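Engineer: What follows is a single structure, and I will ask about it in a moment.
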Amino acid sequence: MPKRTFTKDDIRKFAEEENVRYLRLQFTDILGTIKNVEVPVSQLEKVLDNEMMFDGSSIEGFVRIEESDMYLHPDLDTWVIFPWTAGQGKVARLICDVYKTDGTPFEGDPRANLKRVLKEMEDLGFTDFNLGPEPEFFLFKLDEKGEPTLELNDDGGYFDLAPTDLGENCRRDIVLELEDMGFDIEASHHEVAPGQHEIDFKYADAVTACDNIQTFKLVVKTIARKHNLHATFMPKPLFGVNGSGMHFNVSLFKGKENAFFDPNTEMGLTETAYQFTAGVLKNARGFTAVCNPLVNSYKRLVPGYEAPCYIAWSGKNRSPLIRVPSSRGLSTRIEVRSVDPAANPYMALAAILESGLDGIKNKLKVPEPVNQNIYEMNREEREAVGIQDLPSTLYTALKAMRENEVIKKALGNHIYNQFINSKSIEWDYYRTQVSEWERDQYMKQY
(Lines of atoms letter the chains of each structure in order from A and count residues from 1; the text may use other names and numbers.)
(Lines give C-alpha, C1' and ligand atoms only; values in the text may rest on other atoms or scores of the structure.)
Protein backbone atom coordinates (compact mmCIF):
# COMPACT_ATOMS: atom_id res chain seq x y z
CA MET A 1 0.00 0.00 0.00
CA PRO A 2 1.81 3.15 -1.18
CA LYS A 3 2.36 5.88 1.39
CA ARG A 4 -0.30 8.59 1.19
CA THR A 5 -0.70 11.84 3.10
CA PHE A 6 -4.16 13.08 4.08
CA THR A 7 -5.39 16.16 5.97
CA LYS A 8 -8.46 16.57 8.16
CA ASP A 9 -10.20 18.30 5.25
CA ASP A 10 -9.38 15.31 3.03
CA ILE A 11 -11.01 12.96 5.54
CA ARG A 12 -14.13 15.14 5.81
CA LYS A 13 -14.37 15.21 2.01
CA PHE A 14 -13.89 11.44 1.64
CA ALA A 15 -16.49 10.69 4.30
CA GLU A 16 -19.09 12.92 2.62
CA GLU A 17 -18.39 11.92 -0.98
CA GLU A 18 -18.39 8.19 -0.20
CA ASN A 19 -21.44 8.41 2.08
CA VAL A 20 -19.56 6.74 4.94
CA ARG A 21 -21.88 5.75 7.80
CA TYR A 22 -19.46 4.35 10.37
CA LEU A 23 -15.85 4.85 11.40
CA ARG A 24 -13.79 1.97 12.73
CA LEU A 25 -10.93 3.17 14.94
CA GLN A 26 -8.44 0.33 14.94
CA PHE A 27 -5.44 -0.48 17.14
CA THR A 28 -3.46 -3.59 18.06
CA ASP A 29 -2.98 -5.05 21.53
CA ILE A 30 0.19 -6.66 22.88
CA LEU A 31 -0.88 -10.13 21.73
CA GLY A 32 -1.24 -8.86 18.16
CA THR A 33 -5.04 -8.93 18.17
CA ILE A 34 -6.78 -6.18 16.19
CA LYS A 35 -9.12 -4.13 18.40
CA ASN A 36 -11.49 -1.41 17.29
CA VAL A 37 -13.96 1.18 18.50
CA GLU A 38 -16.76 1.75 15.99
CA VAL A 39 -18.57 5.10 16.00
CA PRO A 40 -21.14 6.71 13.69
CA VAL A 41 -19.80 9.24 11.21
CA SER A 42 -21.55 11.96 13.23
CA GLN A 43 -18.59 11.64 15.63
CA LEU A 44 -16.05 12.46 12.90
CA GLU A 45 -15.04 15.85 14.31
CA LYS A 46 -14.43 14.30 17.72
CA VAL A 47 -12.31 11.62 16.04
CA LEU A 48 -10.27 14.20 14.10
CA ASP A 49 -9.67 16.21 17.29
CA ASN A 50 -8.22 13.14 19.08
CA GLU A 51 -11.07 13.15 21.60
CA MET A 52 -12.25 9.54 21.28
CA MET A 53 -11.74 7.63 24.53
CA PHE A 54 -11.89 3.95 25.43
CA ASP A 55 -11.41 1.80 28.51
CA GLY A 56 -7.83 0.50 28.42
CA SER A 57 -8.44 -1.87 31.35
CA SER A 58 -10.60 -4.03 29.09
CA ILE A 59 -7.65 -4.75 26.77
CA GLU A 60 -5.28 -7.51 27.88
CA GLY A 61 -1.83 -6.19 28.77
CA PHE A 62 -2.82 -2.53 28.73
CA VAL A 63 -3.56 -1.02 32.19
CA ARG A 64 -5.30 -1.57 35.53
CA ILE A 65 -8.86 -0.35 36.02
CA GLU A 66 -7.78 2.66 38.11
CA GLU A 67 -5.78 4.11 35.21
CA SER A 68 -7.96 2.96 32.35
CA ASP A 69 -8.88 6.07 30.35
CA MET A 70 -7.13 6.08 26.97
CA TYR A 71 -7.40 8.29 23.89
CA LEU A 72 -7.26 7.16 20.26
CA HIS A 73 -5.25 9.44 17.95
CA PRO A 74 -6.02 8.45 14.34
CA ASP A 75 -3.29 8.30 11.72
CA LEU A 76 -5.11 10.09 8.90
CA ASP A 77 -2.88 8.48 6.27
CA THR A 78 -4.43 5.08 7.10
CA TRP A 79 -7.93 6.07 5.94
CA VAL A 80 -9.52 3.34 3.85
CA ILE A 81 -13.06 2.19 3.13
CA PHE A 82 -13.75 -1.52 3.54
CA PRO A 83 -14.96 -2.62 0.06
CA TRP A 84 -17.23 -5.35 1.41
CA THR A 85 -19.39 -2.95 3.50
CA ALA A 86 -20.98 -0.94 0.67
CA GLY A 87 -24.39 -2.62 0.87
CA GLN A 88 -24.93 -1.99 4.58
CA GLY A 89 -23.66 1.59 4.83
CA LYS A 90 -20.00 2.15 4.14
CA VAL A 91 -17.47 1.65 6.93
CA ALA A 92 -14.14 3.49 6.92
CA ARG A 93 -11.08 2.50 8.91
CA LEU A 94 -8.46 4.63 10.65
CA ILE A 95 -5.52 3.02 12.47
CA CYS A 96 -4.83 4.79 15.74
CA ASP A 97 -2.05 5.36 18.22
CA VAL A 98 -3.00 5.07 21.88
CA TYR A 99 -2.37 8.04 24.16
CA LYS A 100 -2.67 8.60 27.91
CA THR A 101 -4.76 11.36 29.48
CA ASP A 102 -1.65 13.52 29.93
CA GLY A 103 -1.19 13.64 26.15
CA THR A 104 1.82 11.32 25.95
CA PRO A 105 2.00 8.07 23.95
CA PHE A 106 0.99 4.97 25.90
CA GLU A 107 4.02 2.75 26.58
CA GLY A 108 1.90 -0.37 26.03
CA ASP A 109 0.92 0.53 22.46
CA PRO A 110 3.02 -1.69 20.13
CA ARG A 111 2.66 0.74 17.21
CA ALA A 112 3.88 3.72 19.23
CA ASN A 113 6.69 1.59 20.64
CA LEU A 114 7.92 0.75 17.13
CA LYS A 115 8.03 4.49 16.38
CA ARG A 116 10.21 4.95 19.46
CA VAL A 117 12.75 2.39 18.19
CA LEU A 118 12.67 4.02 14.75
CA LYS A 119 13.62 7.33 16.40
CA GLU A 120 16.67 5.58 17.88
CA MET A 121 17.52 4.38 14.35
CA GLU A 122 17.26 7.95 13.04
CA ASP A 123 19.57 9.17 15.80
CA LEU A 124 22.21 6.84 14.33
CA GLY A 125 21.92 8.57 10.95
CA PHE A 126 19.51 6.23 9.13
CA THR A 127 16.31 7.55 7.58
CA ASP A 128 14.19 4.49 6.79
CA PHE A 129 13.71 0.88 7.78
CA ASN A 130 11.72 -1.06 5.20
CA LEU A 131 9.87 -4.35 5.58
CA GLY A 132 8.62 -6.78 2.96
CA PRO A 133 6.62 -9.53 4.74
CA GLU A 134 5.66 -12.93 3.30
CA PRO A 135 2.63 -14.09 5.32
CA GLU A 136 1.27 -17.61 4.77
CA PHE A 137 -2.10 -19.01 5.85
CA PHE A 138 -4.29 -22.11 5.66
CA LEU A 139 -7.87 -22.37 4.40
CA PHE A 140 -10.18 -24.87 6.13
CA LYS A 141 -13.81 -25.64 5.33
CA LEU A 142 -16.56 -24.44 7.68
CA ASP A 143 -19.27 -26.77 9.01
CA GLU A 144 -23.01 -26.08 8.81
CA LYS A 145 -22.79 -24.00 12.02
CA GLY A 146 -20.04 -21.81 10.58
CA GLU A 147 -17.34 -23.35 12.77
CA PRO A 148 -13.94 -24.30 11.29
CA THR A 149 -13.32 -27.98 10.59
CA LEU A 150 -10.03 -29.79 10.01
CA GLU A 151 -11.02 -30.45 6.39
CA LEU A 152 -8.76 -28.57 3.99
CA ASN A 153 -10.17 -26.74 1.00
CA ASP A 154 -7.85 -28.54 -1.46
CA ASP A 155 -4.98 -30.99 -1.82
CA GLY A 156 -2.78 -28.75 -3.96
CA GLY A 157 0.95 -28.19 -3.62
CA TYR A 158 3.51 -25.47 -4.29
CA PHE A 159 2.40 -23.18 -7.17
CA ASP A 160 -0.38 -25.62 -8.18
CA LEU A 161 -3.26 -24.42 -10.37
CA ALA A 162 -6.97 -25.25 -10.35
CA PRO A 163 -8.69 -27.71 -10.22
CA THR A 164 -6.26 -29.10 -7.63
CA ASP A 165 -6.10 -25.68 -5.93
CA LEU A 166 -9.76 -25.11 -5.02
CA GLY A 167 -8.77 -22.07 -2.97
CA GLU A 168 -7.77 -20.17 -6.11
CA ASN A 169 -11.11 -18.35 -6.41
CA CYS A 170 -10.99 -17.33 -2.76
CA ARG A 171 -7.38 -16.22 -3.10
CA ARG A 172 -8.23 -14.21 -6.22
CA ASP A 173 -11.08 -12.43 -4.41
CA ILE A 174 -8.74 -11.64 -1.52
CA VAL A 175 -6.26 -10.10 -3.96
CA LEU A 176 -8.99 -8.01 -5.62
CA GLU A 177 -10.20 -6.69 -2.26
CA LEU A 178 -6.64 -5.86 -1.20
CA GLU A 179 -6.03 -4.01 -4.46
CA ASP A 180 -9.26 -2.05 -3.95
CA MET A 181 -7.81 -0.99 -0.59
CA GLY A 182 -4.57 0.22 -2.15
CA PHE A 183 -2.29 -2.81 -1.76
CA ASP A 184 0.37 -3.39 -4.41
CA ILE A 185 0.17 -7.18 -4.83
CA GLU A 186 3.33 -8.78 -6.23
CA ALA A 187 2.40 -12.48 -6.25
CA SER A 188 -0.28 -14.93 -5.16
CA HIS A 189 0.21 -18.69 -5.11
CA HIS A 190 -0.49 -21.99 -3.43
CA GLU A 191 2.13 -22.94 -0.86
CA VAL A 192 3.80 -26.31 -0.18
CA ALA A 193 1.15 -27.82 2.10
CA PRO A 194 -2.41 -28.69 1.04
CA GLY A 195 -4.74 -25.79 1.84
CA GLN A 196 -1.82 -23.40 2.36
CA HIS A 197 -1.53 -20.07 0.55
CA GLU A 198 0.73 -17.04 0.25
CA ILE A 199 0.02 -13.55 -1.05
CA ASP A 200 3.03 -11.23 -1.30
CA PHE A 201 2.60 -7.47 -1.26
CA LYS A 202 5.12 -4.70 -1.87
CA TYR A 203 7.48 -3.62 0.89
CA ALA A 204 6.87 -0.38 2.78
CA ASP A 205 8.34 1.66 5.61
CA ALA A 206 8.27 -0.09 8.98
CA VAL A 207 5.04 1.30 10.45
CA THR A 208 3.10 1.16 7.17
CA ALA A 209 4.25 -2.42 6.53
CA CYS A 210 3.04 -3.53 9.97
CA ASP A 211 -0.27 -1.72 9.41
CA ASN A 212 -0.53 -3.58 6.11
CA ILE A 213 0.03 -6.95 7.80
CA GLN A 214 -2.82 -6.30 10.22
CA THR A 215 -5.10 -5.12 7.41
CA PHE A 216 -4.09 -8.15 5.32
CA LYS A 217 -5.07 -10.58 8.09
CA LEU A 218 -8.45 -8.91 8.49
CA VAL A 219 -9.18 -8.99 4.75
CA VAL A 220 -8.07 -12.63 4.36
CA LYS A 221 -10.32 -13.81 7.20
CA THR A 222 -13.28 -11.72 6.03
CA ILE A 223 -13.19 -12.83 2.39
CA ALA A 224 -12.50 -16.47 3.30
CA ARG A 225 -15.78 -16.60 5.25
CA LYS A 226 -17.63 -15.38 2.16
CA HIS A 227 -16.33 -18.55 0.48
CA ASN A 228 -17.46 -20.70 3.43
CA LEU A 229 -13.84 -21.12 4.48
CA HIS A 230 -11.89 -20.34 7.63
CA ALA A 231 -8.50 -18.68 7.16
CA THR A 232 -6.03 -19.28 9.96
CA PHE A 233 -2.61 -17.77 10.60
CA MET A 234 -1.90 -20.42 13.24
CA PRO A 235 1.73 -21.42 12.59
CA LYS A 236 1.23 -25.21 12.55
CA PRO A 237 -2.41 -26.28 12.31
CA LEU A 238 -1.62 -29.80 11.03
CA PHE A 239 1.00 -32.41 11.88
CA GLY A 240 3.18 -33.75 9.08
CA VAL A 241 3.02 -30.78 6.69
CA ASN A 242 4.80 -27.44 6.46
CA GLY A 243 3.70 -24.74 8.87
CA SER A 244 2.99 -21.12 8.02
CA GLY A 245 5.75 -18.55 8.29
CA MET A 246 5.95 -14.81 7.77
CA HIS A 247 9.48 -14.12 6.58
CA PHE A 248 10.61 -10.54 7.22
CA ASN A 249 12.70 -8.96 4.43
CA VAL A 250 14.30 -5.86 5.96
CA SER A 251 16.59 -3.08 4.75
CA LEU A 252 18.07 0.13 6.15
CA PHE A 253 18.31 3.35 4.17
CA LYS A 254 20.19 6.64 4.41
CA GLY A 255 18.15 8.95 2.22
CA LYS A 256 17.91 7.27 -1.17
CA GLU A 257 20.88 4.96 -0.54
CA ASN A 258 20.45 1.38 0.63
CA ALA A 259 22.75 1.14 3.66
CA PHE A 260 23.19 -2.61 3.07
CA PHE A 261 24.56 -2.36 -0.49
CA ASP A 262 28.19 -1.99 -1.56
CA PRO A 263 28.98 -3.04 -5.16
CA ASN A 264 32.70 -3.23 -4.37
CA THR A 265 32.59 -6.12 -1.89
CA GLU A 266 32.50 -9.84 -2.59
CA MET A 267 28.85 -10.31 -1.60
CA GLY A 268 27.79 -6.76 -2.46
CA LEU A 269 27.14 -6.00 1.21
CA THR A 270 28.29 -3.11 3.40
CA GLU A 271 29.90 -3.36 6.81
CA THR A 272 26.58 -2.02 8.13
CA ALA A 273 24.78 -5.04 6.64
CA TYR A 274 27.22 -7.44 8.26
CA GLN A 275 26.98 -5.67 11.63
CA PHE A 276 23.17 -5.61 11.46
CA THR A 277 23.15 -9.33 10.64
CA ALA A 278 25.54 -10.02 13.52
CA GLY A 279 23.22 -8.19 15.91
CA VAL A 280 20.20 -10.17 14.76
CA LEU A 281 22.11 -13.45 15.18
CA LYS A 282 23.38 -12.44 18.63
CA ASN A 283 19.89 -11.60 19.93
CA ALA A 284 17.92 -14.26 18.03
CA ARG A 285 17.28 -16.47 21.05
CA GLY A 286 16.09 -13.40 22.95
CA PHE A 287 13.55 -12.28 20.35
CA THR A 288 12.22 -15.73 19.44
CA ALA A 289 9.32 -15.51 21.92
CA VAL A 290 8.24 -12.26 20.26
CA CYS A 291 8.54 -13.57 16.69
CA ASN A 292 7.09 -16.98 17.60
CA PRO A 293 4.65 -16.17 20.39
CA LEU A 294 2.47 -19.28 20.62
CA VAL A 295 2.96 -22.71 22.14
CA ASN A 296 2.08 -23.93 18.64
CA SER A 297 4.81 -21.80 17.00
CA TYR A 298 7.48 -24.29 18.06
CA LYS A 299 5.75 -27.17 16.26
CA ARG A 300 6.74 -25.29 13.07
CA LEU A 301 10.38 -24.68 14.05
CA VAL A 302 11.48 -28.28 13.57
CA PRO A 303 13.77 -29.91 10.96
CA GLY A 304 12.25 -31.20 7.75
CA TYR A 305 9.64 -28.55 7.03
CA GLU A 306 11.67 -25.67 5.58
CA ALA A 307 11.53 -23.64 8.80
CA PRO A 308 14.73 -22.45 10.53
CA CYS A 309 15.85 -24.15 13.73
CA TYR A 310 19.45 -22.90 13.83
CA ILE A 311 21.11 -19.51 14.32
CA ALA A 312 23.24 -18.92 11.24
CA TRP A 313 23.19 -16.96 8.00
CA SER A 314 23.82 -17.60 4.32
CA GLY A 315 23.61 -16.03 0.90
CA LYS A 316 21.56 -18.75 -0.80
CA ASN A 317 20.96 -21.51 1.73
CA ARG A 318 17.40 -21.53 3.12
CA SER A 319 18.11 -23.68 6.18
CA PRO A 320 19.61 -20.95 8.45
CA LEU A 321 17.75 -18.24 10.36
CA ILE A 322 18.93 -15.47 8.02
CA ARG A 323 19.21 -15.53 4.25
CA VAL A 324 20.53 -12.73 2.04
CA PRO A 325 18.47 -12.85 -1.18
CA SER A 326 20.43 -12.35 -4.40
CA SER A 327 18.93 -8.95 -5.34
CA ARG A 328 21.32 -6.02 -4.94
CA GLY A 329 21.20 -2.26 -5.41
CA LEU A 330 18.15 -0.68 -3.79
CA SER A 331 16.67 -4.18 -3.31
CA THR A 332 19.50 -5.40 -1.04
CA ARG A 333 17.96 -6.89 2.08
CA ILE A 334 18.23 -9.58 4.70
CA GLU A 335 15.49 -12.14 5.23
CA VAL A 336 14.69 -13.21 8.79
CA ARG A 337 13.00 -16.58 8.27
CA SER A 338 11.85 -17.55 11.76
CA VAL A 339 8.97 -15.08 12.15
CA ASP A 340 5.49 -16.61 11.99
CA PRO A 341 2.15 -14.91 11.23
CA ALA A 342 0.92 -15.16 14.82
CA ALA A 343 3.53 -12.57 15.80
CA ASN A 344 2.55 -9.01 16.63
CA PRO A 345 4.28 -7.36 13.64
CA TYR A 346 5.01 -4.08 15.43
CA MET A 347 6.73 -5.90 18.31
CA ALA A 348 8.55 -8.42 16.11
CA LEU A 349 9.94 -5.67 13.88
CA ALA A 350 10.94 -3.52 16.87
CA ALA A 351 12.86 -6.49 18.32
CA ILE A 352 14.62 -7.26 15.03
CA LEU A 353 15.50 -3.60 14.42
CA GLU A 354 16.85 -3.10 17.95
CA SER A 355 18.90 -6.29 17.54
CA GLY A 356 20.37 -5.03 14.27
CA LEU A 357 21.14 -1.62 15.77
CA ASP A 358 22.88 -3.40 18.65
CA GLY A 359 25.17 -4.98 16.06
CA ILE A 360 25.84 -1.62 14.38
CA LYS A 361 26.47 0.33 17.59
CA ASN A 362 28.82 -2.31 18.98
CA LYS A 363 30.46 -3.09 15.60
CA LEU A 364 29.74 -6.79 16.00
CA LYS A 365 31.50 -9.23 13.67
CA VAL A 366 29.32 -11.59 11.70
CA PRO A 367 30.33 -15.28 11.71
CA GLU A 368 31.18 -17.07 8.47
CA PRO A 369 28.16 -17.85 6.28
CA VAL A 370 26.92 -21.44 6.32
CA ASN A 371 26.38 -22.71 2.80
CA GLN A 372 25.64 -26.37 3.52
CA ASN A 373 22.27 -27.80 4.55
CA ILE A 374 22.25 -27.38 8.34
CA TYR A 375 19.46 -29.96 8.65
CA GLU A 376 21.99 -32.60 7.52
CA MET A 377 24.63 -31.59 10.10
CA ASN A 378 24.69 -33.41 13.45
CA ARG A 379 24.98 -31.55 16.75
CA GLU A 380 28.76 -32.00 16.96
CA GLU A 381 29.22 -30.57 13.45
CA ARG A 382 27.00 -27.59 14.27
CA GLU A 383 28.75 -26.88 17.55
CA ALA A 384 32.16 -27.10 15.85
CA VAL A 385 31.27 -24.08 13.70
CA GLY A 386 29.41 -22.22 16.46
CA ILE A 387 25.83 -22.78 15.29
CA GLN A 388 23.35 -22.46 18.15
CA ASP A 389 19.79 -23.80 18.18
CA LEU A 390 16.76 -21.54 18.32
CA PRO A 391 14.61 -22.16 21.42
CA SER A 392 12.51 -25.28 20.91
CA THR A 393 9.58 -24.38 23.18
CA LEU A 394 7.80 -21.24 24.32
CA TYR A 395 9.20 -21.89 27.81
CA THR A 396 12.84 -21.84 26.67
CA ALA A 397 12.13 -18.83 24.44
CA LEU A 398 10.71 -16.88 27.39
CA LYS A 399 13.73 -17.85 29.48
CA ALA A 400 16.05 -16.47 26.77
CA MET A 401 13.93 -13.33 26.53
CA ARG A 402 14.21 -12.70 30.28
CA GLU A 403 18.00 -12.85 29.95
CA ASN A 404 18.22 -10.38 27.05
CA GLU A 405 18.51 -6.65 27.81
CA VAL A 406 18.43 -5.67 24.12
CA ILE A 407 14.94 -7.12 23.68
CA LYS A 408 13.80 -5.49 26.91
CA LYS A 409 15.00 -2.17 25.49
CA ALA A 410 13.27 -2.90 22.18
CA LEU A 411 9.88 -3.39 23.78
CA GLY A 412 10.09 -1.05 26.76
CA ASN A 413 9.34 -2.15 30.32
CA HIS A 414 5.56 -2.19 30.01
CA ILE A 415 5.23 -4.35 26.90
CA TYR A 416 8.19 -6.55 27.91
CA ASN A 417 6.76 -7.37 31.35
CA GLN A 418 3.14 -7.74 30.23
CA PHE A 419 4.12 -9.98 27.33
CA ILE A 420 6.27 -12.29 29.48
CA ASN A 421 3.56 -12.48 32.13
CA SER A 422 0.83 -13.33 29.61
CA LYS A 423 2.93 -15.91 27.78
CA SER A 424 4.11 -17.55 31.01
CA ILE A 425 0.46 -18.08 31.95
CA GLU A 426 -0.17 -19.54 28.49
CA TRP A 427 2.75 -21.96 28.90
CA ASP A 428 1.62 -23.08 32.37
CA TYR A 429 -1.90 -23.69 31.09
CA TYR A 430 -0.54 -25.73 28.16
CA ARG A 431 1.88 -27.85 30.18
CA THR A 432 -0.86 -28.96 32.60
CA GLN A 433 -3.22 -30.09 29.84
CA VAL A 434 -3.64 -33.78 29.01
CA SER A 435 -3.57 -34.26 25.25
CA GLU A 436 -5.14 -36.83 22.97
CA TRP A 437 -1.62 -37.96 22.03
CA GLU A 438 -0.86 -38.81 25.68
CA ARG A 439 -4.03 -40.84 26.05
CA ASP A 440 -3.31 -42.70 22.80
CA GLN A 441 0.25 -43.46 23.92
CA TYR A 442 -0.26 -44.36 27.57
CA MET A 443 -3.88 -45.21 28.42
CA LYS A 444 -3.70 -48.89 27.49
CA GLN A 445 -0.01 -49.44 28.18
CA TYR A 446 -0.05 -48.30 31.82
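Positions of Cβ are set from backbone N, Cα and C atoms, glycine also.
Given the structure is predicted, the values throughout are model-derived calculations rather than measurements.
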Engineer: For the Mg(2+) 1 site that Swiss-Prot assigns to E134, H247, which of the candidates E38, E45, E335 is also assigned?
Structural biologist: E335
Engineer: Spatially, and counting Cα to Cα, which of the binding-site residues is closest to G243 (L-glutamate binding site)? Options: E134, E136, E198, E335.
Structural biologist: E136
Engineer: List the same-chain residues at least 6 positions away in sequence whose Cβ sits under 8 Å from the Cβ of H247 (Mg(2+) 1 binding site), in sequence order, or say none.
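Structural biologist: For H247 (Mg(2+) 1 binding site), the qualifying residues are P133, E134, E335, V336, R337, V339.
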Engineer: Using DSSP, what is the helix/strand/coil residue split across the domain 'GS beta-grasp' (18-103)?
Structural biologist: 23 helix, 38 strand, 25 coil
Engineer: Just to verify: the residue among E134, E136, E198, E306, E335 with the fewest other Cβ atoms within 10 Å, which of the binding-site residues is it?
Structural biologist: E306
